[in-house]
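**Student:** According to Swiss-Prot, the coiled coil annotation covers 13-50. Per Swiss-Prot, the feature ATP binding site maps to GLY232, CYS233, GLY234, LYS235, THR236, LEU237.
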Amino acid sequence: MTENPGTTGNAGQNAQLALLAAKNERLADALRAAREQIVELRTQIDELAKPPGTYATFLAAHDDGTVDISSAGRKMHVGASPALDVDRLQPGQEVKLNEAMTVVEAGGFERLGELVTVKEVLDGDRVLVVGRADEERVVRLAGSVRDLPLRVGDSLTVDVRSGFVFEVVPKSEVEELVLEEVPDIRYEDIGGLGKQIEAIRDAVELPFAHPDLFREHGLRPPKGVLLYGPPGCGKTLIAKAVAASLAGMVDPHGTEGATSYFLNVKGPELLNKYVGETERHIRLIFARAREKASQGMPVVVFFDEMESLFRTRGTGLSSDVETTIVPQLLAEIDGVERLDNVIVIGASNREDMIDPAILRPGRLDVKIKIERPDAEGAQEIFGKYLTPDLPIHADDLAVHGGDLAATVASMIRSVVERMYAEDEENQFLEVTYASGDKEILYFKDFNSGAMIQNVVDRAKKTAIKDFLATGQRGIRVDHLLTACVDEFKENEDLPNTTNPDDWARISGKKGERIVFIRSIVQKKGEQGSPRTIEQVTSTGQYL
């Protein structure tokens, strides 16, 4: 059987046509790719050949579609692209210009700049700021900060060339030095200080609660209160309770959402090695207090460890920085500018070192001594920390028929009797006065609310350790008695008896001058003889 020559020829032609078609398709693809690459290269060449664009700061827009900008420190009036929504631009916003100096694109706000401090808020869009070397300038507020509540002392970033403020930096020197809060301490949380609390409430709360009566009697509220006494007896707690109580009195006077402010000034951190910085910080603190008080809110400015800042001038006990710090505080308290709704509370255990000009009437009018707690006050303080909701040991509960409240009350009485017993076990120091008289001081003479809290905490820790060792849960009276003894022993070496007179001032044992102190607590121990520490008559200069 033979093949048809015509059929064979057609098949060869078809194969050749298919091959040519494939070549044409590959060639078309190559040409298309080359064309696209040429277009892309041309685009890149065009981009590279473009003149440089310029960035400027938007100032204002006009009805005819033109805008005012600031470019490189020059104010210019230029056109804007029709595709750009000019009405949405904000003052201080960054914009992009083409080679014809036409605004073609909107950007954001500058995030960098020089750091300045607000000295005065002039109006809705301008502030007076202080920069380097105390240079003052008036700058405009950009749209990013125009609606923010600015206050004196705030740190801002500013572009000096355009004169715009772009950002409020969360770094205020005042906020570093004060704690602006409303404490949650109530008068009911403080034990053993009923008389002192009543005195400070009369001095602070009455003028705020009944201002009409004070005006009727021509009586001005006190400007300040000094709380003084030994350490750990509740001075700071009382100041916090005053602020919390004033906060609770605001709402009944019809100020919705209002509160009081407690500015807890960290005294030693105010001190600065640069001349005038401490005084500036004090001015900023009182400016913040006046700002809050101008809204009708009571403000408590609390200076803890007041003697660290406001020592008696001219004593030579320090570098004499107080010669300018003390007058600054005096000017703030009773200067030309009135200080309304602001109460200054100072706390100190060395009130003898505070400048007398601060303590005179008209400045710190009310002076309240916070005494060490007596036996009755100690029971009240124990009741704040040793409460019936704590786990009590079953053996102690069984003695009182399972009555939880009676058991806790009995435990408190037992530990207070042990703490305030005037027996040989509780003897602490023997002091000799300048007249030659001697007196035995007991541990009760150095008790404080802080020490009572520590005794209860020790007992709780011992109860936890006993539970882990024996499986018996709860606090026992033995835990409290042991904690009391351990607290006494731990405080044996703590009093600084090198200078008896200074020690007496800190410990609250004022009166006749003490010339000699002898520790007798070690008589109860097994090692050594009683420790005797004599007064150092001349300390000289120590390196």
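For all residues, glycine too, the Cβ spot is worked out from N, Cα and C.
Are these features on the surface or tucked inside, and what are their neighbours?
**Tutor:** Residue environment of LYS235 (ATP binding site) contains 26 other Cβ atoms, counted within 10 Å of its Cβ in all protein chains.
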**Student:** Mind checking which of GLY232, GLY234 has the fewest other CB atoms within 10 A of its CB? They're the binding-site residues.
**Tutor:** GLY232
**Student:** Report the member of CYS233, LEU237 (the binding-site residues) whose C-beta atom has the most other C-beta atoms within 10 angstroms.
**Tutor:** CYS233
**Student:** I want to check the contact list for THR236 (ATP binding site): same chain, sequence separation of six or more, C-beta distance under 8 angstroms. What comes out?
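**Tutor:** Sequence-distant Cβ neighbours: PHE302, ASP304, ALA347.
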**Student:** To test your reading of the ATP site: which residues beyond GLY232, CYS233, GLY234, LYS235, THR236, LEU237, same chain only, put their Cβ within 8 Å of the Cβ centroid of those residues?
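**Tutor:** Those within range, site residues removed, are LEU227, GLY229, PRO231, ILE238, ALA347, ILE370, SER448, GLY449, ALA450.
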**Student:** May I ask you to report the DSSP-based helix, strand or coil state of GLY232 (ATP binding site)?
**Tutor:** coil
